[in-house]
Amino acid sequence: MLTMGTALSQQVDANWQTYIMIAVYFLILIVIGFYGYKQATGNLSEYMLGGRSIGPYITALSAGASDMSGWMIMGLPGSVYSTGLSAMWITIGLTLGAYINYFVVAPRLRVYTELAGDAITLPDFFKNRLNDKNNVLKIISGLIIVVFFTLYTHSGFVSGGKLFESAFGLDYHFGLILVAFIVIFYTFFGGYLAVSITDFFQGVIMLIAMVMVPIVAMMNLNGWGTFHDVAAMKPTNLNLFKGLSFIGIISLFSWGLGYFGQPHIIIRFMSIKSHKMLPKARRLGISWMAVGLLGAVAVGLTGIAFVPAYHIKLEDPETLFIVMSQVLFHPLVGGFLLAAILAAIMSTISSQLLVTSSSLTEDFYKLIRGEEKAKTHQKEFVMIGRLSVLVVAIVAIAIAWNPNDTILNLVGNAWAGFGASFSPLVLFALYWKGLTRAGAVSGMVSGALVVIVWIAWIKPLAHINEIFGLYEIIPGFIVSVIVTYVVSKLTKKPGAFVETDLNKVRDIVREK
């Protein structure tokens, strides 16, 4: 039998072509990073947001690639392999959430962030939108980004380490350091432009991989009859409701709520050349997402028949895609498919590093140095941004050094944190003139705290009553909405300029 750390690694070791393909992939990323560095002007907005000059297709695939991460290629197939089609509820929720995000958030955010002092980060937008002269809102939202994104980034590093450990039998820590080095290099030097171009490139690779693997697997098994074989082996795995209560379905479906507040995703909307390009981005982005997620589900289902057919002992379901790519394909193609996993992992890490870096630079360092210094010392701020990338990466690597949770759980916790603290605030800021600074701060903090409390103390009580097992984004989101609204109603109304700006944003968005 093949096991993930022994026979399979020996097979890969014998095929040097696989290493060549991985090396070529890394080289391409380094070249793109160097290109981004050569295009840099020393302007902070250019480094952090690409000068708001990104086209619709790069916007679409970079948003998708940075969103899906290693979860789409490793986490989701593993979940479907283990539990069956019931895992599809999360894909339905995500696709619907992303689709709504393009309509509800994207156009207004692109217009409003430029109108509100040309904000290049979410905290900066919140500050300008709510006239936060004391920077309380900016500091708190910046802290939430730094804390949750460090957690989120470390999950990506865990995926990278797992990949090299599983596919090549290499030390987990070696894989962790290698992935970190490449990501840090092109993010550090190339900034937002390099990250966006690499994400587009990586998005293409991911899509090809998610289509190829299940199709070739079925061709090598029993064609479309593979699904009949799966039904015979594990009939309940084709049941959408297997092992799920109403609470379980709602929890999976509710992942879509998080889209409105994920900084590394909605920053893509802020950087597109014009809000008028967003429909093109939406069509490509949602199509890419739907095909990719369906491919991931297909990998998990075909894996149920594949593993026993090839006499494989699968110790970790999240390595299913790795096993299939190495057993089914020529080493060169297998190397390409491993590069697809790296693409999924690294595209998310780089985006998260850059957003965290921009928050540390724009939302904290600028407060120390002052607005005037920021205008006259742009190169200094770009360098601080680069150093912030390095610092955040080192902290995330340290946390990832001893992994003790599944990829899906790690991502789920961070996703809920942003979804509960930022999603309601983003929606209120874009649509409601009655939002106040006190309401924004209270809602944001309460949402984040509810998520933390739910994870730490409420979820462990799920064995007592299943309601306690509810995905933490739901109670966090609800509490944040209520607190934001109530506190805003009880505090001083914002100035008339808010209604004027909201009307202006609405009119611009309606322009054809």
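Keep in mind that glycine also has a Cβ here, set from the backbone N, Cα and C atoms.
Lifted from Swiss-Prot, the feature list:
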- 16-36: transmembrane segment (TRANSMEM)
- 54-74: transmembrane segment (TRANSMEM)
- 85-105: transmembrane segment (TRANSMEM)
- 139-159: transmembrane segment (TRANSMEM)
- 174-194: transmembrane segment (TRANSMEM)
- 247-267: transmembrane segment (TRANSMEM)
- 286-306: transmembrane segment (TRANSMEM)
- 327-347: transmembrane segment (TRANSMEM)
- 381-401: transmembrane segment (TRANSMEM)
- 410-430: transmembrane segment (TRANSMEM)
- 438-458: transmembrane segment (TRANSMEM)
- 467-487: transmembrane segment (TRANSMEM)
Within this structure, do the transmembrane segment (16-36) and the transmembrane segment (247-267) have 3 or more Cβ pairs under 8 angstroms, counting pairs 6 or more apart in sequence?
no
Paired segments the transmembrane segment (16-36) and the transmembrane segment (174-194) in contact, 3+ CB pairs under 8 A:
yes
Cβ-based contact of the transmembrane segment (54-74) with the transmembrane segment (286-306), 3 or more pairs under 8 Å:
yes
What parts of the chain pack near the transmembrane segment (139-159), using Cβ distances under 8 Å and only residues at least 6 beyond its ends?
69-70, 74, 121-123, 126, 176, 179-180, 263-264, 341, 344-346, 348-349, 352-353, 355-356, 359-360, 363-364, 367, 392-393, 395-397, 399-400, 403, 407, 410-411, 413-415, 417-418, 421-422, 425, 441, 444-445, 448
For the transmembrane segment (410-430), find every same-chain residue at least 6 residues outside the stretch whose CB is under 8 Å from a CB in it, and list them.
69, 71, 75, 104-105, 108-109, 112, 122, 125-126, 129-130, 141, 144, 147-149, 151-152, 154-155, 158, 255, 257-263, 266, 439-440, 443-445, 447-448, 450-452, 455, 471-473, 475-477, 479-481, 484-485, 488, 505
Segment-segment contact (the transmembrane segment (438-458); the transmembrane segment (381-401)) at 3 or more Cβ pairs under 8 Å:
no
Below 8 angstroms Cβ to Cβ, which residues of this chain, lying six or more residues outside the transmembrane segment (381-401), approach it?
40, 42-44, 47-48, 146, 149-151, 153-158, 161, 173, 176-177, 180, 183-184, 187-189, 191, 353-354, 356-358, 360-361, 365-366, 369, 374
